[in-house]
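Asks: Next up is a structure, given as structure tokens.
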Amino acid sequence: MGRLRLSGTAPRVDFSREILPILKGALAYAITLGLILYRGFEDLNEVPIALATMIIPAITSKAGGTVGEMIQAIIVQYVGMAVGGLLFYGIAHLHSSHVAQGFILFVFVYVAALVRAVYPVWFPGTLFALLTVFYGLLSSVVVDGYDPANLRSYLAAQAWGGAVSAVVNLLILPRSSEKQMRRTLVASIHRLRKLSRLISATYMMTITDEERGEREELVSSIRADFALLNDELSGTFFELNISRFSVQDYSNVIRRIRALQIASLSACSCMMEREWESLLTERLQDATASFETFRRSVDIIYRDSAACLIPQEDPLPALDVESVEGTASPKAEASGLSTDASSGVPNTSEDLATAYAEFEEDLRRILAELVEDGTLSGGDDSLHIRASRPSVWSSWQAMFATDRSDLPTHHGQLIHHSLISIHSFIHSSRIFAHELAHLYDEVIEPQGKRRPRKLRLHWFPAFSSPESRIEGFQAPDIESASATPMTYQEALPLISNRPFRALTTTKMSWRRIYVQLENAFTSPTSIFALKTAAGCIAFAMLLFAKTTRGFATGYAVTPGVMNFFIAMSPTLGQSILVFVSQMSGAVIGSLWAVAVLEMFKGVGGYAFNPYGMVTLLAISALPFVYLIYSRPKYFLLGLLTLNVAGVLVVAEWMFVVHDGVLFDTPILQAGKAVAMTSVAVALAVIMQVILLPHPSRRVWRENVAEVAFDMLSYYSLFQSYLEAILPPAPQSTAPPRAAVLAVAGELERRETAMQRRLIALYPLIEFSAVEPHFIFPLQRKPMIVILQSLQNMLDRLTEARTAIGAQPVPELVTREFEAQLLPYRRQFDQFARAALFNCASSLACKAPLSSDAPTTLFLRENMRDFLHDAMVLSSRLARTEEGKDAIRKGLLTPYWTSVTSITSLGEQLIVLENMCRTLFGGADMDASGVRI
């Protein structure tokens, strides 16, 4: 079929997805200002100036977002208002004791800052609670007591702001979060579809340099999809929809898409190496016919799966992601079933499984031929494991040998890399085909049947549960690991042949409680909360002291507290970005308000013409609303600009027009607003830069060190798991299957946790780039390479775990391979654990590494001999009928995949050590080599 392009539908799609949220957000802003400036509405509020607090909730309640996002925003804000109202009541009644007021404020801000740091979704709620509390503090100081009218006015004004946004969101072309999520899933599927085509071009060796660059960009986009989908899901609590899909349906689809993303990235990473085009891959061209059938089946399955997720009222939302070649007609897509007319390739999950089975069979046959003819062993048919080791003198001379003498090693490395690529590609393709078939079965509608459209309550936290956020490769026999009644603590001694000793629960001593409390209060998050609370107390002191009270009330101390609370972030890099946005928003908003006030001063018989001001503010607000809804990076800039402009206009109107009193000129009022923002930012700079700074570089280094230690713990547990699956001798007693499944479930849980932490570390590099570097510039490349090395290690270990499975390996593998190669694996295990511990310690302590680390000296030789002997044993086995039959049936594939994946860790450890030396220097270098 030809290439389908957007024509008349493009403006409608762009309008509904881009322009409509902006127009709805600007409309809510305009309605809020119009209500405030309307004389009848002003009289509804006992304290008219409190109406200025309507503006922030009107902006942050997501009038232009989805219905689910709006509901969550309003719930979070109203909860914050309720908590703030209670504290308003309590603080106002303590007006006679500023010490008591300060103590309550300090404790509240400390808790609010902790909640903000640990649960970012509650940040708007903590902000509104703080504003309400500070309004109560200001009210109690000004009137010297509790004024219920002030409490009612501020709470009513903030509630009105949220109500305006809710009305605009629900009455003007509402958009459901479910529909938005389906668009996101369709976009993710199309990116995966495009990546599969580029992988196919790589396999066929027809990929161009331009497509290579496109492939790398696509890989980055797919990795970003992990966080993007989590952000969209965390932005919604619940929603009531008429839909064909239930909560469980979406949970399954999200799980499958994440598994497909990981499988596709793994297949792509093993083919991005230059060794993919080495001598071994030339033999893989014999499987071109079966691969082409598999590729086309994958393409059609992707297309039909995406078509079933497209909302019926918006049949082509995914075509703005890419031009889809060979897209079926809308009717065919709506039914979920179609065929490729040009090729006759069917598109059922059974056909996909059949196509992959034929392709895998061809690959196994090719590998069997390579093993049998001795190509993989390079002509050397001797086992190195029983050979005598070189003398100390020979090893010392080899360190100074020329590059010519290293040619055999280079050939061995090419063979090793190619083996890793081929086995990783086979394994990830198997998982890919398995997950894609399940995705198709989840979304497709059987011919002649339709999913009933029902009124469903979509509870979005169920979509983003920890179990479904990031799914790794799933082996079929490990999927039931969580159903085993045995705990991980009980299972580990069983697979390690050690007696189980139950942990005795003893009464916690006071000393232990003291240590835990001390660790909690001295943690970086607690210090951040303490600094935030101390800064808010500093603003409260301006109100408590009579000499500074006039300054605090005249320069609007409450917006200053809000700016300070926003400026404080857990890391220095985040705060610096906020500082820039705050100052820019204050200046732009102030100048904008002054211009509007001066333009409509004395126009139409009004001191300030309200119709002209609201109209001009609404029109000129469009660029800043665009920043809020389309550029999340500049959300704070748009929010503060709109708020500052609106508050200045409302304050001038209320005092001059409504109250008829003499008030500051617009330019003076704008100057005061900028001055108070500057005070808040200056105080935040002092807290963040001078008092116990917490730079993003340090947070990144500490978190990477924790991930490295977690990797070490995971690797040690994986080796115990491997000993249970691969016994050293055929007569060894196998551990209980329940114990194996329990440990497999624990390994999977740790993989998910490490994957989530690795994804969260990339933004810290961006935050580190904006921090001041007084001695050494930030070295971004080594930091990125370290994360990539850890990611590759996690991918290879995940492949090894799922390849080996939870079933005992055939006796043939134990007898012919594991019993003879066990010394290699255990020696590699010792070196790998030592190297990983050294790298993790270096990252944790900024300690330099020795130039003569055991990884560089021994791991390469171990890997080369390990792979060589495994190839020789495979070649010998392939010459027997039993061996040929085992290779063709794929009995050796899991073992080979696990061996190549594990031995590839050595190269990643060498890269990790080199990057640590780049950042922290070597042990024989000057201490000034530390650069992070």
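Positions of Cβ are set from backbone N, Cα and C atoms, glycine also.
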Asks: Among 324-346, 370-392, find the range that TrEMBL records as region 'Disordered'.
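Replies: Going through 324-346, 370-392 one by one, TrEMBL gives region 'Disordered' for 324-346.
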Asks: Between 21-41, 126-143, 527-545, 551-569, who has the most Cβ pairs under 8 Å to the transmembrane segment (71-92)?
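Replies: Answer is 126-143, with the largest number of Cβ pairs below 8 Å.
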Asks: Excluding the flanking five residues on each side, which residues at least 6 beyond the ends of the transmembrane segment (551-569) place their CB within less than 8 Å of a CB in that stretch?
Replies: 109, 113, 126-127, 130-131, 134-135, 138, 142, 528, 531-532, 535-536, 539, 542-543, 575, 578-579, 582, 586, 636, 640, 647, 672-673, 675-677, 679-681, 683-684, 687-688
Asks: Grab the same-chain neighbours of the transmembrane segment (47-64) for me: Cβ-Cβ under 8 Å, and only residues 6 or more beyond its ends, written as numbers and ranges.
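Replies: Cβ under 8 Å, 6 or more out: 20-25, 27-29, 31-33, 35-36, 41, 70, 73-74, 77, 124, 128, 131, 135, 149-150, 153-154, 156-162, 164-166, 168-169, 625, 628-629, 639, 642-643, 646-647, 650-651, 654-655, 658-659.
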Asks: Which range wins on Cβ pairs under 8 Å with the transmembrane segment (608-629): 21-41, 126-143, 155-173, 667-692?
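Replies: The stretch with the most contacts is 21-41.
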Asks: What is the average pLDDT across the domain 'Putative ER transporter 6TM N-terminal' (102-266)?
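Replies: When the pLDDT values over the domain 'Putative ER transporter 6TM N-terminal' (102-266) are averaged, the result is 85.
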Asks: Do at least three CB pairs under 8 A connect the transmembrane segment (155-173) and the transmembrane segment (667-692), leaving out pairs fewer than 6 apart in sequence?
Replies: no
Asks: Using a Cβ distance cut-off of under 8 Å, indicate which of 21-41, 126-143, 155-173, 634-655 has the most pairs with the transmembrane segment (527-545).
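Replies: Maximum Cβ contact count belongs to 126-143.
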